[in-house]
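Pulled from TrEMBL, these are the features on record:
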type	residues	note
SIGNAL	1-24	signal peptide
TRANSMEM	276-298	transmembrane segment
TRANSMEM	340-366	transmembrane segment
TRANSMEM	372-391	transmembrane segment
TRANSMEM	412-433	transmembrane segment
TRANSMEM	445-468	transmembrane segment
TRANSMEM	499-523	transmembrane segment
TRANSMEM	529-556	transmembrane segment
TRANSMEM	568-587	transmembrane segment
TRANSMEM	599-627	transmembrane segment
Amino acid sequence: MAGHRFDVAWTFSLVALFFLRAHCFYLPGVAPEDFKKGDPLLVKVNKLTSTKTQLPYSYYSLPFCQPEHIVDSAENLGEVLRGDRIENSPYVFKMREPQMCNIVCRKILDKKAAKAFKEKINDEYRVNMILDNLPLVVPIRRPDQENAVVYQYGYHVGLRGQYAGSKEEKHFIHNHLTFTVKYHKDPLSGSARIVGFEVKPFSVKHEYEGEWNEKTRLTTCDPHAKRAVTSSESPQEVEEKKEIIFTYDVEFQESDIKWASRWDTYLLMADDQIHWFSIVNSLMIVLFLSGMVAMIMLRTLYRDISKYNQLETQEEAQEETGWKLVHGDVFRPPANSDLLCVYVGTGVQFFGMILVMMIFALLGFLSPSNRGGLMTAMLLLWVFMGLFAGYSSARLYKLFKGTEWKKITLKTAFMFPATVFAIFFVLNALIWGQKSSGAVPFGTMFALVLLWFGISVPLIFVGSYFGFKKPATEDPVKTNKIPRQIPEQAWYMNPAFSILIGGILPFGAVFIELFFILTSIWLHQFYYIFGFLFIVFVILIITCAEITVVLCYFQLCSEDYLWWWRSYLTSGSSAFYLFLYAAFYFFTKLEITKAVSGVLYFGYMLIISYSFFVLTGTIGFYACFWFTRLIYSSVKID
């Protein structure tokens with residue numbers, strides 16, 4: 001009994017560890033850096049981003065102030081695919097030593113530079129910076145809530161506006177930055193750790209007396225006179241031959257926030273009630289479907305036990321024995337069985353990738369501090385899950401009495417990845433044509449192909465070899481030589497209608513969470529609520545499985561035994577609704593105006609929808625496969 005209590009306590013502890021994101025739990029392998037007073041703090045610059053174009057550009061694509069030597073930081077695979085370009089900057093701070101009105105450089109714009117700045121201001125581009133692995137944020141007070149602050153990642157390059165009494169719109173650049181570095185001090189050692197990096201941007205037309213030289217003192221902001229920039233009342237215009245002087249202040253604030261919790265402010269979830277509503281809504285769907293599945297299973301097994309001897313009416317007998325009448329055809333291999341094997345194998349590969357990735361995310365390994373970690377993990381997991389893809393497709397292929405296992409293996413290894421790679425290659429060519437940093441370099445493209453051909457394909461062959469080597473799974477009943485004629489079906493059992501109906505519920509179970517995922521992808525926000533996402537993923541699995549089983553049962557009862565493909569397409573059709581929702585999101589939530597950006601959005605959403613189809617279709621197929629084998633093996637066929 002004591003051992004049982006220990007098991008329960010241990011299980012509860014594991015569940016608690018999975019779902020509670022403890023404040024002290026941080027990304028393993030990342031060590032905090034301690035800074036003493038006067039230590040240099042190196043600010044790095046990242047890509048310029050815009051929600052209007054979705055095309056990132058490197059920081060130095062604009063004529064900002066540059067250090068003597070521009071040094072690129074080493075980037076992982078995920079960072080390169082995200083378009084991150086991390087480089088050093090001319091901004092250098094000294095720990096806990098405030099600075100006022102530091103002059104970075106002076107620029108006189110030529111026609112090309114002025115045009116470049118204006119274009120980026122029109123498209124609302126933001127400048128992203130990094131200090132001690134923390135992104136630069138602009139704190140914005142929420143007017144609807146007292147003392148509530150939201151954080152905007154990066155500051156805008158500039159803004160558009162009009163002078164008082166003028167109707168002509170001008171472009172103004174943010175050329176003065178007031179940085180705030182928050183730190184947590186260790187009372188014992190006196191060293192400090194950085195826990196926040198904020199900025200307030202200003203547009204200021206700096207003035208000075210005499211000719212410009214290295215020792216020139218500004219009259220608009222002067223550390224000697226303690227004159228600081230506090231507003232943008234006299235803004236700096238962006239025009240050809242205009243002079244722009246870039247300056248910055250640095251303030252240091254002591255904070256109670258500990259280093260391990262420094263990301264909590266950035267990832268604060270103000271709308272957790274919506275997520276809980278989403279979970280409850282999805283659970284209602286699951287309970288409804290579970291009730292239907294339970295009724296079907298109980299009635300089916302009950303009629304089996306009673307040998308169908310207590311049927312009250314002829315109509316009921318016809319309904320209940322419908323699925324039994326097709327026992328000689330229900331396991332007949334479907335048309336295009338090779339293609340089904342390929343899609344099922346790819347779906348297993350997807351399922352394994354997402355499941356393992358979710359577990360890593362829940363344990364904190366995919367923290368946002370590890371930029372590009374999520375993308376890198378997805379690619380590597382996809383590659384290594386090829387083992388299960390090959391095994392699954394080969395097992396199903398052998399069940400269908402297939403003999404050419406190498407052919408099915410090649411199809412599994414190339415069909416889905418080649419389709420996605422072709423779409424990705426076209427989209428990448430479009431990005432490259434826009435000279436965006438989001439274009440994947442040739443070296444990275446080669447690395448992706450190497451992962452595919454060097455690791456994924458061999459693993460799929462290994463999985464297929466072992467899958468085909470095992471004895472074939474025996475069907476519970478024998479298949480007749482001559483196919484049974486399928487009677488005319490009611491309108492609501494029409495394949496197209498039932499498939500489209502089947503996709504609504506799985507999509508309905510996840511669409512609220514989908515909104516937050518799309519927002520994080522296309523509006524450049526962090527998504528870190530993996531606890532909610534895992535629950536929604538489990539609900540999606542159950543919903544896909546149950547709706548497919550319910551509709552499969554109705555199909556067999558109406559003596560239609562062509563369930564193989566329909567089971568895959570029933571839950572897989574939820575991807576159709578996902579793509580429709582993506583189109584709705586595009587027109588209602590995004591402000592994309594450029595044609596290239598629109599093509600990129602729909603291209604990437606097509607890849608995501610296709611992947612969702614393969615995943616949900618495979619879940620539905622295996623649920624129906626298990627269900628049909630269960631009911632036909634439990635009945636003694638005369």
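Even glycines carry a Cβ here, placed using N, Cα and C.
Beyond its flanks by at least six residues, the transmembrane segment (599-627) meets 54-55, 340, 343-344, 346-348, 350-351, 354, 416, 419-420, 423-424, 426-427, 430-431, 502-503, 506, 522, 540-541, 544-549, 552-553, 563-564, 567-576, 578-579, 582-583, 586, 590, 592 of its own chain at Cβ-Cβ distances under 8 Å. Across 340-366, 372-391, 412-433, 499-523, 568-587, stretch 372-391 shows the highest tally of CB pairs under 8 A with the transmembrane segment (445-468). Remote same-chain residues near the transmembrane segment (412-433) are listed as 55, 341-343, 345-346, 386, 389-390, 393, 439-440, 445, 448, 452, 456-457, 460-461, 464, 596, 599-600, 603-604, 606-607, 610-611, 614 (criterion: CB distance under 8 Å, separation of at least six residues from the stretch ends).
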